[in-house]
Amino acid sequence: MELLDGRALANQLTDEQTLAVDLLKQQGVTPKLVVIMVGEDPASAIYTRNKQKRATKIGMASVLKKMSAETTEAELLAVVEAYNQDQTVDGILVQLPLPPQINEDRVIQTIDPNKDVDGFSPVNIGKLWMNQPGLVACTPQGVMAILAAHKINVAGKNVVIVGRSNIVGRPLAALMLNANATVTIAHSRTKHLQDLTKTADILVAAVGVAHLFGAVDVKPGAVVIDVGMNRLADGTVTGDVDFEAVQDQVSAITPVPRGVGPMTITMLMAQTIEIAKGRVKRG
Ligand SMILES: Nc1nc(=O)c2c([nH]1)NC[C@@H]1CN(c3ccc(C(=O)N[C@@H](CCC(=O)O)C(=O)O)cc3)C=[N+]21
């Protein structure tokens, strides 16, 4: 079994990104990421702190804009619009989920598609499904980067993605399709799920149920990508796959933590750096 160590790969890419940021700074551009967090969701607080730490580590400018849980939609939209106009800001990320008084779709549609580091805007989603260049959701990009780094070719493979979220399942399906995989998206209404997951050469679990998948769900020799991030009562984090139960029968698997999560942040940085390169060209 090959361990697909996302943290090791993230550390390696972090060194390369530090050099890329240095080079941009020499050209007069400091890549800048703005993370907007509304309310005090403790899990979101951990993620946003990790993002800030990484940005600082590679020398990027990073702003954490904290807004109260009572923020109105109009107030949030005004803040987003101001960052859209700010020429020193390369990437804008609004941490999800948002409080119930705010319509997420409207917020996402307000972010300038050229600054949409999450790749959530309809413009970027459309480009992704048309296999055109654009900004792409970071977790799916992280999955593709892990596979590429381990020379796991997806072309012609049967890829089964369990989960149809806008953040993970759908954009990952598009990336896999663009890479010539045969893609099936399964979800809570899928019938005979186990029959399907057992056909997967590459199984992606993105459901959010701790240890939903075990030995009986996985084909021997399959590659397993675990995007699950489930916090247990004792505070530890675990995936959607029972790692212990499947490790002896898979050819490769991502752990949780230290798998896809750290690569999500790496791709966020990569995408912000790419946008900043455009700022150099425009002068
Ligand atoms: N607009 C928006 N964009 C996002 O990309 C977004 C979001 N909202 N809302 C929440 C989810 C979740 N997410 C994670 C990122 C990194 C780790 C991560 O680094 N995890 C580490 C640590 C896990 C731990 O110990 O907590 C690991 O897996 O090793 C996890 C989860 C980004 N999200």
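The backbone N, Cα and C atoms fix where each Cβ goes, and this holds for glycine too.
Going by TrEMBL, these are the annotated features:
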- Gly163, Arg164, Ser165: NADP(+) binding site (BINDING)
- 4-118: domain 'Tetrahydrofolate dehydrogenase/cyclohydrolase catalytic' (DOMAIN)
- 137-277: domain 'Tetrahydrofolate dehydrogenase/cyclohydrolase NAD(P)-binding' (DOMAIN)
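Within its own chain, Ser165 (NADP(+) binding site) has Ala206 as residues 6 or more apart in sequence whose C-beta sits under 8 angstroms from its own.
Taking DSSP states H, G and I as helix and E and B as strand, the domain 'Tetrahydrofolate dehydrogenase/cyclohydrolase catalytic' (4-118) has 57 helix, 19 strand, 39 coil. Sequence-distant contacts of Arg164 (NADP(+) binding site), defined as residues of its own chain at least six apart whose C-beta falls under 8 angstroms from its C-beta, comprise Arg170, Ile185, His187. Other Cβ atoms within 10 Å of the Cβ of Gly163 (NADP(+) binding site) number 23 in total over all chains. The NADP(+) site, placed at the center of the C-beta atoms of Gly163, Arg164, Ser165, has further neighbours from the same chain whose C-beta lies within 8 angstroms: Ile161, Val162, Asn166, Ile167, Val168, Gly169, Arg170, Ile185, His187, Ala206, Val207. Counting residues of the domain 'Tetrahydrofolate dehydrogenase/cyclohydrolase NAD(P)-binding' (137-277) by DSSP class, helix then strand then coil, yields 52 helix, 26 strand, 63 coil.
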